[in-house]
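Asker: One structure, as structure tokens, below. Some questions next.
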Amino acid sequence: MLAMLLVLSLALAACGGGNGNGNGNKESKGSNEAAEGKGAVEPKKLTLWFYFEGKAQFDIVKSLTDGFTAKNPNITVDPVYIPFADFKKRLSVGLTASELPDIVIIDNPDHAAYAAMGLFADITEQLKDWPEKDQFFEGPWKSASYDGKQYGIPLGSNNLALYYNEQMLQDAGVTPPQTWDELKEAAKKLTKDGVKGIGVSAPQNEEGTFQFLPWLLSTGATFDQVSTDGVRAFGLLSDLIKDGSMSKEVINWTQSDVMKQFAAGKLAMMINGPWQIPDIEKSAPDLKYGLALVPKDKQYASVLGGENLGVVNGKNIPEAIEFIKYVASPDVSKDFAQKFGYFPARKDVASDPYWTDNDKLKVFAQNMEYAQPRGPHPKWPEISNAISEALGKVLTLYSEPEAAAKEAQAKIDGVLQK
Amino acid sequence: MSKFKEWRAGYLFALPALAYMLFFVGYPIIDNIRLSLLDVNVMNLVNGDQPFVGFDNYTKLFREGALVKVLQNTLVFTMMCIALQFVVGLAFALLFQLSFRFSQRLRGLVMISWLLPATITAMMFKFMFGSGGIINDVLLRLHLIQAPIEWLVERHTAMFTVILANTWIGIPFNMILLTTALTTIPKDIYESAAIDGANVLQRFFRITLPQLKSAILSLLVLGFIYTFKVFDIVLIITNGGPVNSTQMMSTFAYKLSFDQFQYSQGAAVANVMFLVLLVVGFVYMRLLNREERS
């Protein structure tokens, strides 16, 4: 009986999502008809889904849509917040029920999967003559493509770097580590009086994979070839735990949990992205901290994070393309990236002094050269799961690095062969 | 009225409910079974072939060991929760049966854990059992432990924590049902037993428990069904971790469907869950019928 309820509740969630959207459209039609009476051209109403949480974030997104309507009075874009936890579910369910927005701001590793599902429109043709497309960094631009076709435009990027507490490093007499050996040694020295040497968020989901990739890629391994070379990356993180330099709790810490620990002075170093800077400065204004590249094994490496704008396959493709081009234009994207703690996906914007002259941001700017995208692969979520599961096994000291890497590789091979 | 008319009228009355059940319960179940026999994933959800693969999804999940592990976890979780909830619930029911000062009000207080939204309870347990949480703080101050216990990091303690959280929520439900059942036991049985010289323990095991038998049966079966499909508590406290040690049937089905886009595998897990509960449901119906007949 109650399993039926589970099935039912999933089905109902689908209906609920669909209805909400449907009603929104109906209301908008009503108000449009009213406007028509005054002789105005009926504006087209588009919907944008995004998952950035918080009032401030909503307002920033709203400023994009308002700015667009100011330039294109006959098109309005309605931003709708969907919680991240529900986002993928709402999209897949909306896809089968044909209840979808016109534009989606999506986590870049998921872009290929949804393109493969048929959610996004192939806009390769429409972008062919758009001169600005050459301004984008290669990694972000590729993350919005699948099978050689373009399904969107990057909204903004980020990557991961090493944050360190200047005071603590000075007291312990260590310099920011550049290699793994230096890192292990520094982390050990910095661990004392309730302070842990380093924190790397490692939950068993996409966030954990994201944080693990810089280490993995640094060994020369790739996301689809994690065994052999990758074993060293698993080994490094488990050594940090065995040494006591990193808390075992990291498997339950999100990136923002790690940031809070760092801001509270409980971590001497952490791996995190540029979007944490505003929060750190707000919660710990007196904290003196520096930034460096993630310590390397064979080569410097980082992971490319960020979101893309995708155009949903539907009735309003031309208008949606206008919108994403507007958002990606230099002035708009620069302003947006600054407010959002993003790193710009465009080279011309990224060369702005705001990023190149700032001690902290320039590390992320430099890091863009080393940042590699996740995938793009339509089955990225499954690959990612294999990696983060292996990481979890290693960090709880349940598996040896070799065994975990081998197991993950077997799973990834299974996914890729299909 | 003829026999036939009576028969027809009965079905007419049941028709709206039947139609409702068929549409909202029957259809999703059938569709879910269909989905589990196909291979629907990220590539072919909307367009493209959805090949029929028979029981491949089931055999794959069993062969990889994931489903067996998750089934085990869910059974351990369910059994432990039911046992604890029942024992504590019964103890509370008996305690508040002795009408002492404030007994009514205290009983009301116990109900709070049932009234709180499960998500809030789950968040609360997550904070309390964090390594810097209040549980460790208290244990450290009492010198019961030397170093903080990493409740949600070790596999066994993580399972313990989710069991504890779910038990805490389930106690009031058990208590209330047992309290109601206790009030139906005639007082004079106890009086005559007392006159015959039965002591407290004898009265409990010879009168109270046998009289509560049918209530206890319903409670255990309903508790099983309710607990077996646990979702929100586990999702929030551990999200199935560490290393799947608290992964339940429901969270696993959700993860497969909506994290990894393996819709057919997710459906297969949900169907196995359905099957288990169906069996339990039939057992319950049989027990009920036997009770009614005797």
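Cβ from N, Cα, C; glycine included.
Dumping what TrEMBL says about this protein:
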type	residues	note
TRANSMEM	B:12-30	transmembrane segment
DOMAIN	B:71-284	domain 'ABC transmembrane type-1'
TRANSMEM	B:75-96	transmembrane segment
TRANSMEM	B:108-129	transmembrane segment
TRANSMEM	B:158-178	transmembrane segment
TRANSMEM	B:215-241	transmembrane segment
TRANSMEM	B:261-285	transmembrane segment
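So that I understand the layout, could you describe where these features sit and how close they are to other parts?
Answerer: Within the same chain, residues 73, 76-77, 80-82, 84-86, 88-90, 92-93, 96, 107, 110-114, 116, 118, 121-122, 125, 129, 151-152, 212, 215-216, 218-219, 223, 226-227, 230, 233-234, 237-238, 241-242, 245-246 sit at least 6 positions outside the transmembrane segment (B:158-178) and bring their C-beta atoms closer than 8 Å to a C-beta of that stretch.
Tertiary neighbourhood of the transmembrane segment (B:261-285): same-chain residues 29, 32-33, 35-42, 45, 53, 57-58, 60-61, 67, 70-71, 74, 217-218, 221-222, 224-225, 228-229, 249-250, 252-255, selected by CB-CB distance under 8 Å and a gap of 6+ residues from either end.
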Asker: I'd like to know if the transmembrane segment (B:75-96) touches the transmembrane segment (B:215-241) in this structure, counting it as a touch only when three or more C-beta pairs sit under 8 Å and are separated by 6 or more positions.
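Answerer: They are in contact.
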Asker: Six or more residues beyond either end and a Cβ under 8 Å away: which residues meet both conditions relative to the transmembrane segment (B:12-30)?
Answerer: 274
